[in-house]
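Here's the structure, in structure tokens; my notes come after.
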Amino acid sequence: MFDRQNTLAKTDPQLWAAIQNENKRQEDHIELIASENYTSPAVMEAQGSQLTNKYAEGYPGKRYYGGCEFVDVAEQLAIDRVKALFGAEAANVQPHCGASANQAVFLAFLKPGDTFMGMSLAEGGHLTHGMALNMSGKWFNPIAYGLDKNEEIDYEQMERLAREHKPKLIIAGASAYSKKIDFERIGKLAKEVGAIFMVDMAHYAGLVAAGVYPNPVPHADIVTSTTHKSLRGPRGGIILMKAEHEKAINSAVFPGLQGGPLMHVIAGKAAAFKEAAEPGFKDYQKQVVANAKALAETLIARGLRIVSGGTDSHVMLVDLRAKKMTGKEAEHVLGEAHITCNKNGIPNDPEKPMVTSGIRLGSPAMTTRGFKEAEAVQVGNFIADVLDNPNDPENIAKVRAQVAELTKRFPVYG
């Protein structure tokens, strides 16, 4: 029998200390990594529940194990809630992550060697959309589309390539693209060339749920997403689909790609989907976009170039070449000031992927802790102050103190 008094602090103080230090870091640092956010205590409670003990291969009502009557309730809640949230005909909530969700789509509709289209990683796409080192690039034949001279998606190029190569699958979505995507236009193109149209909305899902970013569901055959990032749930994946594709996708997820689902994570997803359907979530996402715009405008005013000229969403890329600084250097020096971001390639970046000429910034996490436009402007000035004088320890210390003052006013967890 387990004694509930034997907490982690008692049984593994070394691990406990690492977790406590991470908790402190999250409170003390301004989080600007666009793919990160903070989950609610309710989501963490579900994810830390005894549902982690239960194996449940299969789907609600059709399991390969007994004793699934209560995890069936949890999974069905997640399915019903996410369908309602996005207006989807069918949903699978079992993918362990966004990459797994994307792989399931490939497994369902493509054979090795088949041609598909996705956005170039070098111009803002995601590695699962055809990167040479990824399964999608190794096993299939990717045709990449990119950006035009204004650093916006080149739809004419996309249309030309699709008509030439006749891909079996067209993917829309990105990991570092700040503008709105014309899902309707791409959906019409996919129908014209006879392709399955898949949207990876991992970055934009929370904004989509709140109606502040275009919803791809009416236009796409398949929509994949993570459940963290802007959606503010646990780390995991989902697949939304037209009803006609439900059997193929469900079979691809299980038994095609995965075995037992993570029922404690699925419970966390269900909790997050309920939160995302509440009125306050729409207000939150409106603020996410407002904060991103305020941050971008501040950085532009301070002499930094934003790729694509600004943002329509939660994310932006900052071109650092005018500062004679790499993304790697900027990530490090901003980290010293307790501002967390990630180095990121800019379109056609001359630097290596682990160096880069830019950084990616996002507003979801800082908005969760209560920042509004005034604080976003402050953060933009903090960043510019650091990048204007990155080699002065006193300057870094001054900004770090300002960050500490701001984060104390806006705790993540009260």
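Any Cβ shown, glycine's included, is placed from N, Cα and C.
Under 8 Å, Cβ to Cβ, and six or more positions away along its own chain, Gly125 ((6S)-5,6,7,8-tetrahydrofolate binding site) finds Gly118, Met119, Ala144, Gly173, Ala174, Ser175, Tyr177. Sequence annotations record features per position, and here Swiss-Prot assigns (6S)-5,6,7,8-tetrahydrofolate binding site to Leu121, Gly125, His126, Leu127 based on sequence analysis.
Annotation comment: Swiss-Prot describes His228 as site 'Plays an important role in substrate specificity'. In the three-state DSSP classification, His228 (site 'Plays an important role in substrate specificity') falls within coil.
The number of other CB atoms found within 10 A of the CB of Lys229 (N6-(pyridoxal phosphate)lysine), across every protein chain shown, is 28. What Swiss-Prot records for Lys229 is N6-(pyridoxal phosphate)lysine.
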So Leu121 ((6S)-5,6,7,8-tetrahydrofolate binding site), by the Cβ count within 10 Å over all chains shown, scores 25
Surrounding the recorded (6S)-5,6,7,8-tetrahydrofolate site, with Cβ no more than 8 Å from the Cβ centroid of Leu121, Gly125, His126, Leu127 and those residues left out, we find Gly118, Met119, Ser120, Gly124, Thr128, His129, Gly130, Met131, Asn134, Ala174, Ser175
A correct count of other C-beta atoms within 10 Å of the C-beta of Leu127 ((6S)-5,6,7,8-tetrahydrofolate binding site) gives 17
Cα-Cα, His228 (site 'Plays an important role in substrate specificity') versus Leu121 ((6S)-5,6,7,8-tetrahydrofolate binding site), nearest Å, comes out at 21
Least surrounded, by Cβ count within 10 Å, of the recorded positions His126, His228 is His126
Rounding to whole Å, the Cα atoms of His126 ((6S)-5,6,7,8-tetrahydrofolate binding site) and Lys229 (N6-(pyridoxal phosphate)lysine) are apart by 15
